[in-house]
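TrEMBL lists B:1-351 with the feature domain 'Glycoside hydrolase family 42 N-terminal'. The substrate binding site annotation in TrEMBL covers B:Arg81, B:Asn119, B:Trp284. The Zn(2+) binding site feature in TrEMBL is assigned to B:Cys85, B:Cys128, B:Cys130, B:Cys133. Here TrEMBL flags B:Glu120 as active site, proton donor. TrEMBL lists B:Glu275 with the feature active site, nucleophile. Among the features that TrEMBL reports, domain 'Beta-galactosidase trimerisation' is placed at B:398-573. Annotated domain 'Beta-galactosidase C-terminal' per TrEMBL: B:582-638, in sequence order.
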Amino acid sequence: MMAAAGVNVVRMAEFAWDRMEPRPGAFDFSIFDETIDVLGAAGIETILCTPTAAPPRWMTSANPDWFRENASGVRMTHGSRQHVCTNHPEFRAASERITRAMAEHYRDNPRVIGWQTDNEFFCHISECFCPACGRDFQRWLREKYGNIQALNEAWGAAFWAQTYGDFSEIVPPRQDRPTYPNPGAQLDWFRFLGDAIRDFQGGQVNILRSVQPRWWITHNGTFQHVDYWNLAEDLDFLGVDVYPGFTVQKPEDYWWAAVKNEEARSASGSYIIPEQQAGAGGQWPYLHRTPDPGQMRLWAWQAVAHGADGILHFRWRTCRYGAEMYWNGVLDHDNIPRRRYDEFAREGGEFARLGDSILGTTLSVKVGVLLENDQDEAHQTMPMGLPSPDEQRRVILRELLRRKLEAGYVNAHDSFEGLGIIILPGFVLMDEDLAARLGEFVERGGLLVATARTATRHRNNHVSEFTPPGFLRDVFGATVEEFGKLERGSIDLEMAPGVVAPVGDGYEILSLRGARALGNWQCSRWPAPHAASGLPAVSHHVHGSGSAIYLGTYISADNAAALIGLVLDHANIPPLAVASDGVEITCRHSASHRLYFLLNHSGQPASVSALPVGTDLITGQPCDGDCTLSPFGVALIKA
Amino acid sequence: MMAAAGVNVVRMAEFAWDRMEPRPGAFDFSIFDETIDVLGAAGIETILCTPTAAPPRWMTSANPDWFRENASGVRMTHGSRQHVCTNHPEFRAASERITRAMAEHYRDNPRVIGWQTDNEFFCHISECFCPACGRDFQRWLREKYGNIQALNEAWGAAFWAQTYGDFSEIVPPRQDRPTYPNPGAQLDWFRFLGDAIRDFQGGQVNILRSVQPRWWITHNGTFQHVDYWNLAEDLDFLGVDVYPGFTVQKPEDYWWAAVKNEEARSASGSYIIPEQQAGAGGQWPYLHRTPDPGQMRLWAWQAVAHGADGILHFRWRTCRYGAEMYWNGVLDHDNIPRRRYDEFAREGGEFARLGDSILGTTLSVKVGVLLENDQDEAHQTMPMGLPSPDEQRRVILRELLRRKLEAGYVNAHDSFEGLGIIILPGFVLMDEDLAARLGEFVERGGLLVATARTATRHRNNHVSEFTPPGFLRDVFGATVEEFGKLERGSIDLEMAPGVVAPVGDGYEILSLRGARALGNWQCSRWPAPHAASGLPAVSHHVHGSGSAIYLGTYISADNAAALIGLVLDHANIPPLAVASDGVEITCRHSASHRLYFLLNHSGQPASVSALPVGTDLITGQPCDGDCTLSPFGVALIKA
Amino acid sequence: MMAAAGVNVVRMAEFAWDRMEPRPGAFDFSIFDETIDVLGAAGIETILCTPTAAPPRWMTSANPDWFRENASGVRMTHGSRQHVCTNHPEFRAASERITRAMAEHYRDNPRVIGWQTDNEFFCHISECFCPACGRDFQRWLREKYGNIQALNEAWGAAFWAQTYGDFSEIVPPRQDRPTYPNPGAQLDWFRFLGDAIRDFQGGQVNILRSVQPRWWITHNGTFQHVDYWNLAEDLDFLGVDVYPGFTVQKPEDYWWAAVKNEEARSASGSYIIPEQQAGAGGQWPYLHRTPDPGQMRLWAWQAVAHGADGILHFRWRTCRYGAEMYWNGVLDHDNIPRRRYDEFAREGGEFARLGDSILGTTLSVKVGVLLENDQDEAHQTMPMGLPSPDEQRRVILRELLRRKLEAGYVNAHDSFEGLGIIILPGFVLMDEDLAARLGEFVERGGLLVATARTATRHRNNHVSEFTPPGFLRDVFGATVEEFGKLERGSIDLEMAPGVVAPVGDGYEILSLRGARALGNWQCSRWPAPHAASGLPAVSHHVHGSGSAIYLGTYISADNAAALIGLVLDHANIPPLAVASDGVEITCRHSASHRLYFLLNHSGQPASVSALPVGTDLITGQPCDGDCTLSPFGVALIKA
């Protein structure tokens with residue numbers, strides 16, 4: 001059935017440690033040998049996974065101190081997965097032993113083409129407070145700071161008498177304290193978590209690369225406290241597991257899955273989907289809504305539309321037991337092919353046929369939404385109920401896609417080449433290097449956009465001693481004289497006489513130092529003369545060949561259309577085509593051609609116009625600039 | 001005052017261990033001896049309770065390892081009740097010592113007529129994770145499975161590498177794990193809890209029976225993780241504590257108290273009420289609403305109407321101290337009789353006068369709502385936000401009572417003799433024996449009704465490899481081709497052209513294999529063409545002399561009237577009488593006569609018609625087929 | 001900048017233990033010496049704080065058993081504040097060592113004028129369950145009860161077999177028990193907490209007083225489980241930290257800050273504000289709304305209006321790091337003076353100019369809302385979802401202030417001299433002494449008002465054996481025959497034909513024994529004839545020269561206007577002046593003059609009339625009885 005459906009690669013072994021090493025040191029790969037052979041004979045290649053997310057019971061029985069320790073100091077128990085501390089040196093050794101055993105066993109198997117490390121780092125749990133983690137954190141800090149005085153300064157330890165005399169006195173920030181933690185310590189803890197899991201993975205990667213250099217290696221994200229840009233440095237490309245069922249409740253929620261794809265693409269350029277939803281996912285507390293006919297294929301195409309170069313669905317047949325026994329696969333529990341199999345086979349046939357046209361192209365991005373893991377971490381150290389960078393990125397991306405722009409996430413460490421607009425959502429941390437690179441972007445003609453609280457802290461999480469936006473003051477030609485949070489609806493932003501955007505959560509009062517105001521604050525429902533009334537809220541500053549817009553508020557679902565509209569008034573970025581809100585359009589291009597991906601996320605037919613003349617590669621029909629999509633339909637216009 | 005109110009029995013000593021054994025081994029029953037004598041002189045007999053739900057402080061001081069351990073591994077402390085592990089072997093010995101001491105002391109006291117074991121097993125807490133429980137669970141599993149391979153298969157331990165090498169490696173499913181537990185392990189853990197508490201009780205029961213065979217023994221339920229059908233095997237009859245105040249907020253909520261009664265009746269046939277609400281119950285977080293005048297008596301009659309053969313109210317005088325000092329009794333804190341006493345005395349006089357007419361009759365049940373504890377446990381291992389068997393049973397019972405049908409709960413282990421309809425609510429587990437018994441029921445002329453997900457798993461909690469409803473496919477003449485969960489209101493069930501029932505939570509698409517469709521799915525508010533549209537949702541199959549209806553959804557509060565109506569269209573079950581929704585009617589019968597219980601749960605007068613000709617035993621007035629009930633009034637028509 | 005703003009005193013060192021004692025026993029006060037000198041040269045004096053709310057890391061590293069233990073038995077970790085047990089005898093010794101070192105160092109420094117002990121006892125956490133606390137609690141109980149039989153009786157330990165054989169068997173009431181605790185034990189635990197923190201403070205106070213008798217000593221409250229009336233016995237006066245930002249979301253919420261001031265004033269008469277809000281407070285989970293222009297000064301004047309004789313704002317410059325790095329001070333992170341500094345300087349100038357006119361006057365109170373910490377504690381032992389004394393006090397105070405009455409909190413231990421009305425909100429506990437004092441108040445002409453459940457328990461938390469209101473029955477001339485809780489809106493109170501007050505939560509049925517009914521119960525939305533219908537709900541009783549009104553319900557936000565209005569119909573208390581709801585008016589007086597504080601909490605101009613003729617000390621303008629206030633404006637009329 002797999003071969004008939006066009007499958008050319010499978011993924012296996014990710015939780016099979018107990019099968020491969022049923023007793024300590026006694027390895028048995030026979031079931032996988034046999035399976036790989038059978039699949040290979042049908043032309044299907046194999047990706048192997050290291051099984052380290054589920055250490056077997058004989059191992060945890062013998063080593064109870066390998067279990068993670070939770071934030072209350074309680075040791076985990078056996079019985080689910082991710083139960084063992086990935087920083088424990090003895091478990092790291094065990095992880096490397098099983099990786100080496102697998103690698104050496106499969107070194108010469110031509111059907112094994114690549115590897116996935118572990119499985120979804122931090123998907124359930126990212127923190128561990130065991131003694132091994134405590135020691136590792138101390139070591140990490142010692143390497144970072146060199147001496148304890150430097151750490152005390154970086155953490156502002158003088159506050160609340162938290163000065164440390166030695167690195168050995170430091171404990172991870174557990175929840176069992178009377179009140180809030182030190183935000184400097186918390187930020188370093190989050191950074192440590194990401195570095196530590198990269199180290200853990202590194203031990204496996206080194207072995208795999210040394211045993212068989214032809215293998216490629218990936219990992220399936222994306223989850224919090226991992227810096228995927230860093231993690232991907234050690235990989236050939238990143239993977240991302242996409243389960244729209246977690247949040248797509250209405251067709252127009254398609255943008256959520258776009259977010260997951262953009263997270264992966266911005267971290268590693270080319271990427272794959274190791275797990276694409278194949279039916280409703282179900283676990284103890286929830287059961288996803290079942291995808292409508294066509295949605296599984298649509299989401300697979302959406303991934304390709306954002307740059308994915310490989311798609312695997314999770315899972316083949318729905319497992320009849322275990323914690324994921326209602327995580328539906330392509331086949332049901334009774335192994336009978338039904339509509340999901342048919343859709344899977346259709347998709348498989350299309351990819352087999354069109355793969356060559358797609359591989360080698362990359363996503364075209366003109367409007368970049370800047371992403372940096374450090375910003376997300378910094379927000380979490382002091383959220384104060386304000387919108388996170390992640391929340392802002394999502395609504396900005398949704399709004400840009402709604403306008404059919406060539407838009408996507410861009411990692412702050414990457415080149416800004418080719419971008420017309422860069423939007424900084426919640427970049428509270430700023431350093432002189434990044435500020436200089438952003439300044440150059442503007443000087444060379446780009447449009448830079450920032451939201452509230454941008455560049456208000458240094459990298460050590462101290463609030464800057466400079467009036468915001470600190471290192472970017474000259475670029476924006478404005479300073480922030482007051483910041484505050486107000487109940488939603490108490491103040492609005494007047495962008496032009498009578499043109500008002502609802503503003504929630506936060507306001508900033510700007511002082512213009514070269515910039516001009518694009519909009520002012522106006523009181524709405526607050527029954528008092530607000531301090532910000534009539535004062536500048538949005539500024540526009542010509543700087544070099546480009547310009548910079550400072551938005552003295554957060555971008556949220558209810559003001560994104562207005563604020564992004566205001567930004568676009570000052571740029572010249574044409575849409576890819578014209579279509580209703582439920583239609584997503586992206587473009588992948590190479591030197592030779594452009595591919596327009598038209599994705600109808602609505603349950604109604606939809607039309608697209610203002611396309612270039614070309615050919616729909618899926619149907620083979622010519623496209624004269626207009627195109628009609630069936631419900632949940634897809635078109636791929638080559639122009 | 002008790003005697004004047006018609007009291008003929010009291011219950012005592014359930015939390016008095018510290019009084020009866022103030023120091024280890026030093027017994028002093030004098031206060032009870034005296035009380036029993038005084039009561040006996042007034043013609044009042046005594047039920048004694050074993051005091052094991054509240055071990056005294058000298059015992060827990062000396063044995064801190066007897067305290068329960070919670071799901072995070074923290075030991076309980078002294079200061080409330082149910083604080084000690086009932087599986088600890090030393091506590092079991094202590095439980096049997098105090099039981100034997102009481103039993104021998106009262107062996108020859110003619111006023112002591114029966115016993116209650118402990119108090120409300122699992123009312124606050126059902127789980128304990130102490131080492132003794134761990135060892136007991138391992139022993140229970142060893143006895144069940146014999147060898148560890150059998151357990152690994154039953155639990156599907158291959159998933160997430162959970163294979164066990166030995167029973168000694170197994171730990172109870174504590175919450176301190178990174179994610180969801182193994183549903184096979186979880187189900188066995190729940191079953192173990194029920195078996196273990198039955199064992200604990202068994203130690204007491206054996207002593208009581210051996211010391212004085214004339215005593216009867218009961219226990220007061222009902223709470224989760226106890227299989228009362230099993231527990232009652234060791235008792236003479238079950239008791240159930242009924243506190244409508246926990247949920248009856250509006251008069252029409254009367255059905256909730258019917259549920260508690262049906263739970264007891266279906267477990268043991270005849271039963272008693274050791275604790276019937278006598279005023280507002282109050283504890284730390286809540287205070288019930290105060291029963292309206294007449295409601296206390298009404299609820300007592302409701303219990304009798306469902307089959308109870310004895311009623312005790314909790315409590316006599318409201319206690320002036322302790323955690324239940326606002327749990328109101330018949331008398332207030334100041335010991336002055338007021339309206340609750342008057343109502344209590346009225347009720348007491350009625351029962352004294354009419355007891356002989358009632359005893360010996362049993363509830364008449366034509367429509368059985370099937371109950372099996374294993375089904376409730378299986379649901380809890382994987383709830384996924386779907387309606388539980390218990391939730392479905394409740395709304396079904398309410399709808400059947402609203403229609404004045406002879407309806408009740410029937411335990412799946414009991415005979416189906418005499419039933420016209422059996423409804424299976426949420427019977428996900430199915431085995432060939434039960435399937436055969438249900439098939440025979442249909443073949444002999446019965447109507448079998450099932451709701452979504454019936455017979456989808458084996459007893460080991462594995463999802464069946466057969467297309468649902470598995471072992472019942474031939475009986476229903478239909479299979480389920482797709483199951484899913486949808487937001488409420490996105491799809492409806494069209495039972496006939498234009499006749500639409502709202503469906504929440506789940507849908508199943510049926511394939512007809514001999515059955516005919518009684519209704520099809522239709523899209524409502526979901527803005528896309530749903531996969532189920534126009535396909536069969538409900539099937540009807542003639543099988544032998546009877547028939548079977550498969551409902552491809554859950555029964556919930558908002559569709560119960562429509563779906564039960566659809567079912568009843570295919571049966572011939574007349575109502576007991578005609579009355580408005582607020583009136584509950586049941587019938588107890590013997591070979592010689594039928595007793596119609598008319599219960600007005602509304603605060604307005606209500607009339608009942610289409611009754612048989614007879615006599616209202618309470619008023620002594622003849623009934624010509626019509627009857628008028630005062631607010632919260634009761635009539636008992638003998639026909 | 002401080003001197004220019006009129007600052008004459010600062011507060012420092014409260015969390016600087018690590019700075020003052022960087023290594024065990026090595027003291028270094030140089031930074032404070034220097035700062036105090038610099039400030040002193042500018043005419044600014046210093047209040048020092050003992051730094052014991054933040055023990056340094058070297059101390060907790062060496063003494064891990066000093067960390068608090070939470071209700072689950074988990075030890076706290078380092079990294080915030082209040083992490084160490086104030087009952088641990090070794091930490092108490094350390095607390096006294098640092099206090100003595102500071103005191104001796106500053107004994108002869110003339111710039112140091114007073115001290116604050118620790119910081120905000122119990123602001124984050126009031127309980128600790130470590131072994132030291134357990135032993136202390138046992139000792140406290142032994143001293144209170146003398147023998148264990150007395151404790152068993154006081155706690156009603158017979159209930160649920162909780163009898164203790166020895167004080168050593170008692171454990172603090174941790175949460176890890178299967179169900180609700182003993183309310184007698186719980187009440188003693190709460191009382192112990194308050195006594196223990198007073199003892200802890202006493203160790204510091206004794207040292208400070210012995211080293212330098214000229215120093216005054218204060219502490220900054222107010223938080224739960226501290227009896228500030230007791231605590232202030234050891235102080236010269238109490239302080240209270242006022243942060244309206246925690247709850248003032250709309251201008252009309254001004255009353256909340258009045259509550260904090262009244263808590264302090266009723267505890268110690270004269271008091272100060274060690275921390276008055278100076279900007280939006282922000283921590284991990286929240287960020288206050290930013291005060292409108294004028295509100296900071298308004299709140300400072302409000303404190304003075306309630307009796308405060310000193311105001312300090314928290315904080316000077318906003319700290320750039322640490323858990324409170326978004327707790328905004330007078331200056332922003334960049335140290336630049338903006339509108340908050342300007343407002344601070346205006347306020348500073350006014351206080352400097354008018355201080356002499358204000359000092360020596362005290363708040364004029366005619367209507368006293370009685371406060372006793374024991375009542376709050378008793379409520380918490382058995383809340384049952386009913387309104388707390390604190391909730392009732394707040395809405396009563398708000399209503400009295402809305403009516404511009406001379407009203408305030410009065411501690412139950414204080415004299416009732418000068419009061420016209422005393423309101424008892426939720427005084428469930430009653431003893432014969434307090435009852436006698438209240439009776440005398442009435443006999444001498446006062447009006448006493450009680451709400452539901454008044455005088456229903458003895459001091460040991462047992463429900464009284466007397467019909468309520470127990471010891472106050474003769475004063476009220478009525479008894480309570482039934483009490484219950486009902487869903488809000490199901491019953492109303494008819495105060496006169498057609499005059500109906502909505503009643504929530506609770507009802508009591510009164511029996512008149514000399515009193516007459518002022519209002520009766522009437523059913524509203526409950527569809528049944530309620531037991532209370534038509535029966536007395538409020539009574540009025542002439543007793544001696546005065547009278548007593550019993551309100552058979554709780555005072556809540558939605559009935560306060562009606563019920564307080566009903567009360568005032570039976571008294572003769574004129575308002576201070578006439579103004580709209582947003583204006584608060586208080587009066588401070590001395591033998592020679594009266595000061596009317598007019599506070600406009602609304603964002604609109606407001607007028608006040610019916611004032612006495614006088615002079616506005618702020619503007620120097622005469623007042624002829626009318627006065628207009630700007631938004632958030634203040635006037636101070638001397639008459």
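Any Cβ shown, glycine's included, is placed from N, Cα and C.
Features recorded in TrEMBL, as mapped to the structure shown.
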residue  : record                    : CB count, 10 Å
B:Arg81  : substrate binding site    : 25
B:Cys85  : Zn(2+) binding site       : 26
B:Asn119 : substrate binding site    : 21
B:Glu120 : active site, proton donor : 22
B:Cys128 : Zn(2+) binding site       : 25
B:Cys130 : Zn(2+) binding site       : 22
B:Cys133 : Zn(2+) binding site       : 23
B:Glu275 : active site, nucleophile  : 22
B:Trp284 : substrate binding site    : 19
Suppose you look only at the domain 'Beta-galactosidase C-terminal' (B:582-638); what would the mean pLDDT be?
96
Whole-number Å value for how far B:Glu275 (active site, nucleophile) lies from B:Trp284 (substrate binding site) (Cα to Cα)
20
Which secondary structure state does DSSP assign to B:Cys133 (Zn(2+) binding site), in the simple three-class scheme?
helix
For the domain 'Beta-galactosidase C-terminal' (B:582-638), the number of residues DSSP places in helix, strand and coil
0 helix, 31 strand, 26 coil
To test your reading of the Zn(2+) site: which residues beyond B:Cys85, B:Cys128, B:Cys130, B:Cys133, same chain only, put their Cβ within 8 Å of the Cβ centroid of those residues?
B:Arg68, B:Glu69, B:Thr86, B:Asn87, B:His88, B:Phe129, B:Pro131, B:Ala132, B:Gly134
Whole-number Å only: compute the distance from the Cα of B:Arg81 (substrate binding site) to the Cα of B:Cys130 (Zn(2+) binding site).
17
Which of the binding-site residues B:Asn119, B:Cys130, B:Cys133 have a Cβ less than 8 Å from any Cβ in chain C?
none
Could you check which of the recorded positions B:Cys85, B:Cys128, B:Cys130, B:Cys133, B:Glu275 is the closest Cα neighbour of the residue listed as 'active site, proton donor'?
B:Glu275
About how far apart, in whole Å, are the alpha carbons (Cα) of B:Cys133 (Zn(2+) binding site) and B:Glu275 (active site, nucleophile)?
30
Based on Cα distances to the residue listed as 'active site, nucleophile', point out the closest of the binding-site residues B:Cys85, B:Asn119, B:Cys128, B:Cys130.
B:Asn119
Can you tell me the CA-to-CA distance separating B:Cys130 (Zn(2+) binding site) and B:Asn119 (substrate binding site), as a whole number of Å?
21
Can you give me the Cα-Cα distance between B:Asn119 (substrate binding site) and B:Cys85 (Zn(2+) binding site) in Å, rounded to a whole number?
14
